[in-house]
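J.: Features from TrEMBL:
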type	residues	note
TRANSMEM	41-62	transmembrane segment
TRANSMEM	82-106	transmembrane segment
TRANSMEM	127-148	transmembrane segment
TRANSMEM	168-190	transmembrane segment
TRANSMEM	202-224	transmembrane segment
TRANSMEM	251-272	transmembrane segment
Amino acid sequence: MGKDVGVAEHGSFTAKDYHDPPPTPLIDAEELTKWSFYRALIAEFIATLLFLYITVLTVIGYKSQIDTTAAHGGDQCGGVGILGIAWAFGGMIFVLVYCTAGISGGHINPAVTFGLFLARKVSMVRAIMYMVAQCLGAICGVGLVKAFQRSYYKNYGGGANELADGYSTGVGLSAEIIGTFVLVYTVFSATDPKRSARDSHVPVLAPLPIGFAVFMVHLATIPITGTGINPARSLGAAVIYNQKKAWDDQWIFWVGPFIGAAIAAFYHQFILRAGAVKALGSFRSSSHV
């Protein structure tokens with residue numbers, strides 16, 4: 001009896017029809033007339049604001065706790081440590097993606113938005129407006145940190161991303177490319193509609209691997225660049241901190257993540273999902289007509 005049930009269940013999965021949703025229109029001006037679009041923009045703005053507020057506060061708090069020259073007498077082994085900072089970034093992404101996925105998709109990162117745009121998951125209009133909302137949210141989030149912690153803010157680097165001493169520009173750029181690839185590749189895999197059709201529990205779990213990807217990348221790259229992998233995060237901190245080093249290195253935190261996102265989008269769509277084979281097959285069939 002159990003065997004029959006197993007066969008029946010297996011058969012129901014294999015028989016389930018699945019069709020990829022059609023690509024999103026490149027330019028969809030109709031979105032501008034829908035309240036759901038503006039609600040999504042607000043969700044991206046608030047989520048990125050909260051993300052930067054919590055994570056930059058964590059970074060500054062850690063640096064103040066280990067500062068042995070400070071009046072309060074810091075402890076070199078005190079604070080949350082790099083592990084705690086990585087948990088703050090990964091944990092906040094997990095929470096915020098969980099909260100906003102049903103409203104805006106929970107991007108909270110221009111690189112993620114860019115990757116999804118290249119895969120035709122979002123229109124150009126939505127992609128551009130998301131990036132604007134994310135950058136404004138990041139600036140406001142760091143602005144709140146400075147407003148509430150003015151005495152600590154500039155003394156401890158303002159949470160700005162900068163290339164660490166001893167590392168070349170190439171190493172920093174590579175760290176950002178590979179780190180963003182890991183993140184965006186995880187986003188594509190965790191939100192793959194084909195996988196969702198096969199395994200109904202996947203959408204519920206999607207924020208978890210995305211948060212873990214952010215956590216793991218931070219562990220690896222905090223010593224190199226402070227970990228960007230999110231242009232809005234880097235821009236928001238640079239705008240409020242407004243120091244030369246942060247601005248000089250800013251391009252690394254845009255070029256690297258966008259390249260990493262583009263590679264991840266290509267890898268998932270054309271290698272893992274065999275998009276290239278489908279495109280080649282349709283080209284061959286049309287050439288025989």
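Please read every residue number as a count from 1 along the shown chain.
Glycine residues also receive a Cβ, built from the backbone N, Cα and C atoms like all the rest.
No curator has checked TrEMBL annotations; they are predicted automatically.
From a predicted model like this one, the values you see are computed outputs, not experimental measurements.
Surface or core, plus neighbours and distances: that's what I need for these features.
T.: When Cβ-Cβ distances below 8 Å are used as the criterion, the transmembrane segment (41-62) is approached by residues 79-81, 84-85, 88-89, 92-93, 96, 99-100, 103-104, 106-108, 129-130, 133-138, 140-142, 144-145, 149, 152-153, 156-159, 232-233, 236-237 of the same chain, each at least six residues removed from its ends.
Same-chain neighbours of the transmembrane segment (82-106): 39-41, 43-44, 47, 50-51, 54-55, 58-59, 62, 116, 122, 130, 206-208, 210-216, 218-219, 222-223, 227, counting only residues six or more beyond its ends whose CB sits under 8 Å from a CB of the stretch.
Only residues 6 or more beyond the boundaries of the transmembrane segment (127-148), in the same chain, are considered here, and those with a CB under 8 A from a CB of the stretch are 37, 40-42, 44-53, 56-57, 60, 104, 107-110, 113-114, 116-117, 158-159, 231-233, 235-237, 239-241.
When Cβ-Cβ distances below 8 Å are used as the criterion, the transmembrane segment (168-190) is approached by residues 109, 111-112, 115-116, 119, 202, 205-207, 209-210, 212-214, 216-217, 220-221, 224-225, 227-229, 249, 252-253, 255-261, 263-265, 267-269, 272 of the same chain, each at least six residues removed from its ends.
Nonlocal intrachain contacts for the transmembrane segment (202-224), taken as residues 6+ away from its ends with a CB within less than 8 angstroms of a stretch CB, comprise 82-83, 85-87, 89-91, 93-95, 97-98, 101, 106, 163-164, 167, 171-172, 175-176, 179, 182-183, 186-187, 189-192, 195-196.
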